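Lifted from TrEMBL, the feature list:
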DOMAIN    B:4-100  domain 'CoA-binding'
BINDING   B:Thr17, B:Gly18, B:Lys19, B:Glu20, B:Lys43, B:Ile96, B:Thr97, B:Glu98  CoA binding site
BINDING   B:Tyr159  substrate binding site
ACT_SITE  B:His247  active site, tele-phosphohistidine intermediate
Amino acid sequence: MNLHEYQGKELLKSYGVAIQEGTVAHTVEEAAQAYNKLAEETGSKFAVVKAQIHAGGRGKGGGVKLVKSLDDLKEKADNILGMMLKTPQTPGGMEGPGKLVRKILVAEDAYVPSPDECDEFYVSVLMDRERKCNVIIYSTEGGMDIETVAEETPHLVHKEYIDPTLGLQGFQTRKIAFNLGLSGKAFKEMTKFISSLYSAFVGADASLFEINPCLKTGDDRIIAVDCKVTLDENALFRHKDLAAMRDTDEEDPTEVEAKEYGLNYVKLDGNVGCMVNGAGLAMATMDIIKLSGGDPANFLDVGGTADAARVEQAFRIILKDKNVKAILINIFGGIVRCDRVAQGVVDAYKNMGNIDVPIIVRLQGTNADVAKKLIDESGLAVKSAILLREAADLVKEAVA
Amino acid sequence: MSVLVNKDSKVIVQGFTGKEGSFHAEQMIEYGTNVVGGVTPGKGGQEHLGKPVFNTVADAVKEAGADTSVIFVPPAFAGDAIMEAADAGIKVIICITEGIPVQDMVKVKAYLNGRDCRLVGPNCPGVITPGGAKCGIMPGFIHNPGRIGIVSRSGTLTYEAVDQVTKAGMGQSTCIGIGGDPIIGTTTKEAVELLMNDPDTDGIIMIGEIGGGMEAEAAQYIKAHGTKPVVGFIAGQTAPKGRTMGHAGAIIGGAEDTAEAKMKIMEECGIHVVASPATIGETMKKALQG
């Protein structure tokens, strides 16, 4: 689950991580109030307006603007709120439709009054799958795309692995601060920054923190100017406050609906929908669709209980996508009996009236023969198969 | 022989009296697995499914001689259950539970380090040695005792491979579902190594998916030490970057996470890589003949 920048900063601040201060606003009026409050606190007329959407590279599409007065702020807040912001990370990239901006963050301009004395660093925390421990990745090359830095100047990207039983040690925070070339007050601030950042990561059961840029200000403070926070969905049961931060406006509406039904659905761009039990088999089914000349329209794992109600919900979800020209149902019945699933398909089909795309049902496992007979004798325009190869051939026919 | 579990394994079920635990323990017993009891804290001394219930894994080891545990404990407590099994001296710990927080598994892995036990899973269908022991949630009847070993990160996709092997006239020595999480106990390479060293396994089917470097590691091992044909498949050739595909571990971050990259390395290492999951069984049959 992803957080907005302002939510991520709230989380970091609660663990004592210094951040670029700011207030979220949904309207120009709220933005003006936030600006006035900020101006009072900082004594500066400079501020930054940042579009809050779940995508990076917001500056490139005009979603981050510097403002120098209240009027300037009102104008730019008005421009950004409600815009369709295109970034390299929004669906379709800079050529796509962009994402609607519903809120903005009005934040201090942390670079004033001495931008020349500022330094931008990169700091991220994540779990390293190979070493099975958390790792802090950092670089002096902040404010840039870290993948580019890693490719062009790999020696400037450092990693610090954290012992799972002992946690982050003092020498590690010092090493990081020294490697970033810091000394004096900034050095101390950085060690504090890193250690509270790591506490927040573990405390919130995060799977990714990316602070880019992490800024050394002119007066030697170290603050998070931007932050990307991803949380471990599996750990949300012990973080009710964080779970409540989910912003479903940022997610695909069909995926949100599927989740409510307990279906694991990911929308894709193809023309053949699929409904499968099990994640691995679902991915493999998508691959079969591709090999048969189609393109998968979705990933959909119906889980262990593929009864009529669930199959019907899955049908409805898949059919919301108007690109879908055929549907392949692929169920390997183990504990779930295939004849039950087949009955579910028939009932769901009848309940929905007419489904005007061809449906291919492949049921294998417990009672597969009974299930095939049930489908074949139902009188519905559903083609059935038992072997995966047969199903692949039927998909080939359907997309031809 | 077979690996990990067989008819002599003394199996307990953690989360024995719960809904999932009860249902699958019953199926395991029906299959002929030597289930010697189960653990549910607070219900020690009772009997369930005709087997004794223990308060702790340590009691089950002491009183019933348990050496293998299958865990059905809910995600919030599953990490703790794994560590309890390891501490009690269980040798083969099979964790079925899906949805354990990653940071819990980081701690569990560190805890298991250096201990004389093997964890399989979590988020897996379990391990079965057909005709010997079924330790997990897989449908027993699709399996057939034989000489093909199967290693897989997935549940139903493993059943698919098992079924194709059986239909092609072969059978399975041991099928190991290693699990779909980012941090798991036994890796692809470790499971392949077990089967490579098993005198009763003639061929190995290795089913991977997008995300992580486990298949590449296994492929390098096979290149260096392989003595038997290996058929490989990677699910998720059509998966988009940056999206979790059902399994928490199935996500493409970098270039090495893609199915394409994994299939290329596997091919280079001499594995019979199939693009279509429909041809796993026949490819194994041909590989054994050739």
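Any Cβ shown, glycine's included, is placed from N, Cα and C.
Sequence features, as recorded in TrEMBL, placed on the structure.
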{"residue": "B:Thr17", "record": "CoA binding site", "CB count, 10 Å": "17"}
{"residue": "B:Gly18", "record": "CoA binding site", "CB count, 10 Å": "17"}
{"residue": "B:Lys19", "record": "CoA binding site", "CB count, 10 Å": "9"}
{"residue": "B:Glu20", "record": "CoA binding site", "CB count, 10 Å": "15"}
{"residue": "B:Lys43", "record": "CoA binding site", "CB count, 10 Å": "15"}
{"residue": "B:Ile96", "record": "CoA binding site", "CB count, 10 Å": "28"}
{"residue": "B:Thr97", "record": "CoA binding site", "CB count, 10 Å": "25"}
{"residue": "B:Glu98", "record": "CoA binding site", "CB count, 10 Å": "20"}
{"residue": "B:Tyr159", "record": "substrate binding site", "CB count, 10 Å": "28"}
{"residue": "B:His247", "record": "active site, tele-phosphohistidine intermediate", "CB count, 10 Å": "28"}
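Residue counts for the domain 'CoA-binding' (B:4-100) under DSSP, split into helix (H, G, I), strand (E, B) and coil, are 35 helix, 23 strand, 39 coil.
Confidence for the domain 'CoA-binding' (B:4-100), expressed as mean pLDDT, is 97.
In sequence order, B:Tyr159, B:His247 are the recorded positions among B:Gly18, B:Lys19, B:Glu20, B:Lys43, B:Tyr159, B:His247 whose C-beta falls under 8 Å from a C-beta of chain A. Distance between Cα atoms for B:Lys19 (CoA binding site) and B:His247 (active site, tele-phosphohistidine intermediate): 23 Å, as a whole number. Within 10 Å of the residue listed as 'active site, tele-phosphohistidine intermediate', counting C-alpha to C-alpha distances, fall none of the binding-site residues B:Gly18, B:Glu20, B:Lys43, B:Ile96, B:Thr97, B:Tyr159. For the pair B:Thr97 (CoA binding site) and the residue listed as 'substrate binding site', the C-alpha distance works out to 18 angstrom. Taking only the Cα positions, the spacing between B:Glu20 (CoA binding site) and B:Tyr159 (substrate binding site) is 19 angstrom.
Here the CA atom of the residue listed as 'substrate binding site' lies 25 Å from the CA atom of B:Gly18 (CoA binding site).
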